[in-house]
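Undergrad: Provided herewith is a single structure, encoded as structure tokens, for subsequent inquiry.
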């Protein structure tokens, strides 16, 4: 695409428009600047609310993929790519899953996480290559993330995913975007022009983060990774998380800190197993088998034991 054509294309994007509420932002003192930005930020959850049905549809597809050993792959450039990497990296400690289950790909590779490599997004071939490098398959789900909805790297990835029969999801902050047109599911929270024209790390980035949070959190809940609203598959990999594990057991069972700590040590800090042992008085092996029979769903394991 020529420079003139690119300028013309960008001029039609909502995310590249000038915001009439911040035209004088360069004249304002600090408090007024951040108040203007905050006023714009308040619009983000309202935009996300309008696309909840599409988000839920994507959650169902992701959950189905996980159940057959598939993966969730995020793909984006710049801020969009970093947000995908961030959400993916939080899944292992939060939900106790493999770091291969949710993967974030960013145009330009790992170096682009810390230092912008803006030109890397211009190659659709790179998107396809990055997916092939991780053995992307039809069992996986690809979420292409691009605030503009027209990033070549993401388009290339989505097109390749379509050719092999994988489920594709487009996350954009512009209506009727190119990536929305080629994906199975289009999630398009339109947040309007940014406080600083074209700086899509602002409202657009916030909207993307909210959506990604929902995709992984809701999918993991559907897989039994929570009990009530507690993170019962959390991995106690540092002192803070060891303390959190004990607190979760105490909250779920109303036991003492001493009992929670004792049982957690027996289970090698498997929170879900510790809770089941305390609530049912089962020994560790019986509790493990009972949990396995309920596909890892702690609530089902507790209730089925009570009914016997």
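Heads up, the Cβ atoms here are built off N, Cα and C, so glycines get one too.
Relevant sequence annotations retrieved from Swiss-Prot are reproduced here:
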- 62-225: domain 'SIS' (DOMAIN)
- 90: active site, proton donor (ACT_SITE)
- 121: active site (ACT_SITE)
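Quick one: how deep are these features, and who are their neighbours?
TA: Cβ neighbour count for residue 90 (active site, proton donor) (all protein chains, 10 Å cutoff from its Cβ): 15.
When secondary structure is read from DSSP and collapsed to three states, residue 121 (active site) falls in the helix class.
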Undergrad: Name the residues of the same chain, 6+ apart in sequence, whose Cβ is under 8 Å from the Cβ of residue 121 (active site)?
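TA: Same-chain residues close to residue 121 (active site) (Cβ under 8 Å, separated by 6 or more) are 77, 78, 107, 108, 151, 152, 153, 154.
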